[in-house]
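Here the structure comes first, spelled out in structure tokens, and everything after it is commentary.
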Amino acid sequence: MPNYLLTSGASPVTSSEKGSSLSNSPVDSDSTEDEEFREGGYGWIVVAAVLLINAHTWGLNSSYAIFLAYYLRSGGIDESSPLAFAFVGGLSISFAFIVSPLATVCIGKLGTGTTMRIGVVLEAVSFVGASFSTHIWHLVLSQGVCFGAGLGFCFTATVGIVPQWFTKRRSFANAISTSGSGFGGLIYSLATNAMISNLGLAWAFRILAILAFVVNGACSLVLRDRNKQVGAVHVAFHMDLFKHFEYWLFLGWGFFILIGYVIVVFSLTDYAQVVGFSATQGSLVSAIFNLSQGLGRPVIGLVSDRVGRLNIAGLGTLVAGLAAYFLWIFASKAYPGLIVYAVFGMFAGVIWPCVAPVGAEVLGLQLLPSALSIYWLVLVLPATFAEVIALRLKMSGVDGYVNAQLLAGSMYIASFISVWMLRSWKLQQLEALDVTEAQTEVGTQTPDPAKGLSSRSERDVSISQSPSILRAYIAGMLTMRRV
């Protein structure tokens, strides 16, 4: 089967695992590497390293909810406003996505380890700089731009590595590594609040800088990728991807879900205080939300390997939307209800354990780095402005967040529609392959990624010209099948 049409079967070993197609990267022709490669192996060390890196990048970024609640009430930053503080938090995520094409190029030119270490230095410098901040523009440059750049280099360098080491357990292993952001968010939501209370804001930043530098730096020394073996294509702007409807659906899933996710992550702590709970209770809600992600993501990955990666990505997104509508809006004014909603945090961030495996299902391992490079750029807008919009919609009183809550729930539902349509597309492709695989296998397994995309375009055109294409999409969305 062509590598860019990976199925979700029990043993999806494809030509992409051997680097035999869709690559413009040099591929080692020695078969020794393929013989030595086994499911997992050194990959489990890679999983542990990426887990710790996620804990000290995305996990630390989640603690911005604690900083935001502090900034909104302390008055210690000059020339500031609630919208400016929200912009800093959004900028830390969006700038991570903005630098992803540059980081992608660095991986191809300098290697994964060097690219990762660039991010390690930038992240540590950002926290040290933030510790001396007295004006809002100081925070914009340090906790926003510099931290975001460091996060982007670390994230881009590691996001595609774990799937290279696994086939049968790809989603499970990837989910374990992404659970680090949840555990990191849990630890640093509680620790940051305690450090600010006992040591002050400046030393809280400096301690976080030391921890991030030591842990991420050590992990960068043990990371190993298989870019050469799988023939990974590190092209920053692979524009031919935009010619494919399935890629637009993939982008839509991420665009809408990130709006909801950013609103939830950055608003929960402040929301808790708006409805009458203390800062400590607010930080505990944020910690439970992150704990749910830390424990829930491996479960999501394990289930998606068994039930289907697109199935779980879609159903998890739907649950996140329904939870925002019915739990966050109606039950969270009582503290037990807010805790229950926080427990559903695993679904709010379902994109993180699922994005790489779903991308591999749709595009293949070789095109995944290039596809994700553009993917992160598309997510810049929702990452930057989601919390700004949420605070703009915020009103006074205990119901002040209701408009933001409605927006978050609606974005999750829109995201579900996108990924469920992507699932329907995948079902059509599988049906087409059952009929035409024998005739098209030689033509589609090509060493040129552009030709590979072109051959798939021809197949997509033939499918889309079918008079029953709309009925096929609707039927696919209602079909229960592992995919």
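Cβ from N, Cα, C; glycine included.
The annotation region 'Disordered' is assigned in TrEMBL to 1-35, 441-462. Taken from TrEMBL, the feature compositional bias 'Polar residues' applies to 1-19. Marked as compositional bias 'Low complexity' by TrEMBL: 20-29. Annotated transmembrane segment per TrEMBL: 44-72, 84-108, 120-141, 147-166, 173-191, 203-223, 247-268, 312-332, 338-360, 372-391, 403-422, in sequence order.
Only residues 6 or more beyond the boundaries of the transmembrane segment (44-72), in the same chain, are considered here, and those with a CB under 8 A from a CB of the stretch are 80, 82, 85-86, 88-89, 92-93, 116, 119, 123, 143, 147, 150-151, 154-155, 158, 161-162, 165, 173, 176-189, 191-193, 196, 201, 208, 211-212, 215-216, 219-220, 222-224, 265-270, 273, 279, 282-283, 286, 290, 352.
Counted over residue pairs separated by six or more positions, the transmembrane segment (147-166) shares fewer than 3 Cβ pairs under 8 angstroms with the transmembrane segment (403-422), which leaves the two as not touching. If one looks beyond the transmembrane segment (120-141) by at least 6 residues along the same chain, the residues whose Cβ comes under 8 Å of a Cβ in the stretch are 56-57, 60, 77-81, 84-85, 87-88, 91, 147, 149-151, 153-154, 201-206, 208-210, 212-213, 216-217, 220.
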